[in-house]
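Only one structure is covered here, and it is reproduced in the block below.
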Amino acid sequence: MNRLKLILLQVAVGFGFLLLWHVLTNYPILAPTRQTQFFFSTPLDVLARVWKEFASGEIWRHLWITLMETILAFAFGAGGGILFGFLFARRELLAAVFDPYIKAANALPRVVLAPIFALWFGLGIWSKVALGFTLVFFIVFFNVYQGVREVSPVVLANARMLCMNERQLLRHVYWPAALTWMFSSLHTSVGFALVGAVVGEYLGSSAGLGYKIHEAESVFDVTGVFAGMVILSIFVILIDFVVTLIERRLLVWRPAPSTNGQG
Amino acid sequence: MALSAVHRRRNRSILMPESQIAPAVLLRSVAITFGPKVGGYTAVQNIDLSVSPGEFIAIVGPTGCGKSTLLNASAGLLKPSDGKVEIFGVPLHGLNSRAGYLFQQDALMPWKTALQNVAVALEPKGVLRKEAEAMARDWLRRVGLAAFVDRYPHMLSGGQRKRVALAQMLIRDPEILLMDEPFGPLDAQTRQIMGNLLLELWAANRKAVLFVTHDLEEAIALADRVVVMSAGPAAGIIGEFPVPLPRPRDIAEVRLEPAFHHIHKKIWASLRTEVQKAYAQGEGATQ
Ligand SMILES: Nc1ncnc2c1ncn2[C@@H]1O[C@H](COP(=O)(O)OP(=O)(O)O)[C@@H](O)[C@H]1O
Ligand SMILES: [Mg+2]
């Protein structure tokens, strides 16, 4: 009942927003409709365009490219972040020496790197993967570093008393602890992989969702821009859903946040 | 003179079968200082303690006196600032691989089920996974958790978690058992059940035990010998009391015997002033 009410309210808000948009763009309330439609399009037009994109099959190619870029950026970023996070957490000296450089690199706004990556890797998918990588890498890196550094000293001492060697400690203690931290930032890092891909496409490419939006924008096709945004949102929600499933599967051992797990 | 004594002991331990003569754990004039050597906090000082193989020793003392610190030194997790630790006649360097340690705090790996937590203890010994899991299942059954093998630690009660930790320690069959207030946070009934379980397991396969507790009655009911520590800083051992109660014992019933009361009274007389001292220092409030 409560849940149903919530869903109804959520739908009502969305519907209300669409209705407002529809009314304001189809009736000359604030300005002539020609003018409002030029700037804001109309919800029905946007919907029709989204439908057309999917029906004609034109959009799938772009979705596929963006998905590939996102997955590759995440895979490389997470892989590198885990590797270096581990390395730096276990080697004090490395962490100390590289600290200022890592902070400086992380402070850099990644957008400025996009043209350079385009120069280095061309306009294909790899320049977008590189941009996503620079975003994902640091998130995962910092989380894994933290996770390995903050392993519970008691759990660690216990594992050592069980005579585990360094490799076994890595596998049974450090690695799961680091993964926990990584997964706590999974939604963020996957999101950033996607941001890297889309922004990269937007700034220069010939395929992908970012390209579609940019293409529509350059001819003042507001309907096309909004349609691209709607498709992008659906895409993000689907990816986030998959991430949630993976997270649930891998973190079964964690107490659910709502229940009181202590006994 | 001290040097020649060292030599003699060393030679002896090489020439003779160690199990016959060497104590399982020997602490000799051990002192442990936290922080800088000068001006740091000296938790314990002048500790001399010897645990024979197969002997069950309980350590009692006011909270904060350094009981955990002594166990950590015996486990090799802490290096004494002074004095030395010998395990079966061999000076201890690094971790004590012949000891199992039951920690005061929860030390199970939260990302492993009860079964995985126990089975993983055999991995360093090179036992194959299948076999290790079969043995772990058996140990969990012995500690009464047969129905809980696939639970993660957060799905177990405090007492159940302690039992998993007990199984994790015992499955490796260590020669020395170090236990730090293992039943501390449990309710009275569970403590009794766990105490009897421990005695039963220990009787089947006698190990040297160093059992820390703040519960004097529990100490007497379990141990062959009760060691009383003074309040810190620079805590020391102020008394050792043999417990000549017959075995096998039942934790609940042994408390009713007159001899138990006699021993309790004697130990409490020496412990009481120390507990009061600790309270006066404000230690009692903080743990
Ligand atoms: N790592 C540490 N650094 C400084 N002081 C410590 C540390 N560990 C323990 N102590 C101090 O040493 C004393 C003994 O601690 P502990 O052995 O844990 O006592 P308990 O007898 O309650 O187990 C306490 O006063 C505690 O504050
Ligand atoms: Mg303690």
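Including glycine, each Cβ sits where the backbone N, Cα and C put it.
Curation plays no part in TrEMBL annotations; they are all automatic predictions.
These figures come from a predicted structure and were not determined experimentally.
Look at TrEMBL and you will find A:7-24, A:63-89, A:101-123, A:129-148, A:169-199, A:219-246 tagged as transmembrane segment. Annotation source TrEMBL lists domain 'ABC transmembrane type-1' at A:63-247.
Taking Cβ pairs closer than 8 Å, the transmembrane segment (A:169-199) reaches residues 66, 69-71, 73-74, 77-78, 81-82, 85-86, 89-90, 110-111, 114, 128-129, 131-136, 139-140, 143-144, 146-148, 150-152, 155-156, 159-160, 208-210, 213, 232, 235-236, 239-240, 243-244, 246-247, 250-251, 254 in its own chain, all 6 or more past its ends. Cβ atoms under 8 Å from those of the transmembrane segment (A:219-246) belong to residues 38-41, 45-46, 49-50, 53, 59, 63, 66-67, 70, 186-187, 190-191, 194, 198, 209, 212-213 of the same chain, restricted to positions at least 6 beyond its ends.
Non-local neighbours of the transmembrane segment (A:101-123) in the same chain are 129-131, 134-135, 138, 141-142, 196, 199-200, 203-206; each lies 6+ residues outside the stretch with a CB under 8 Å from one of its CB atoms.
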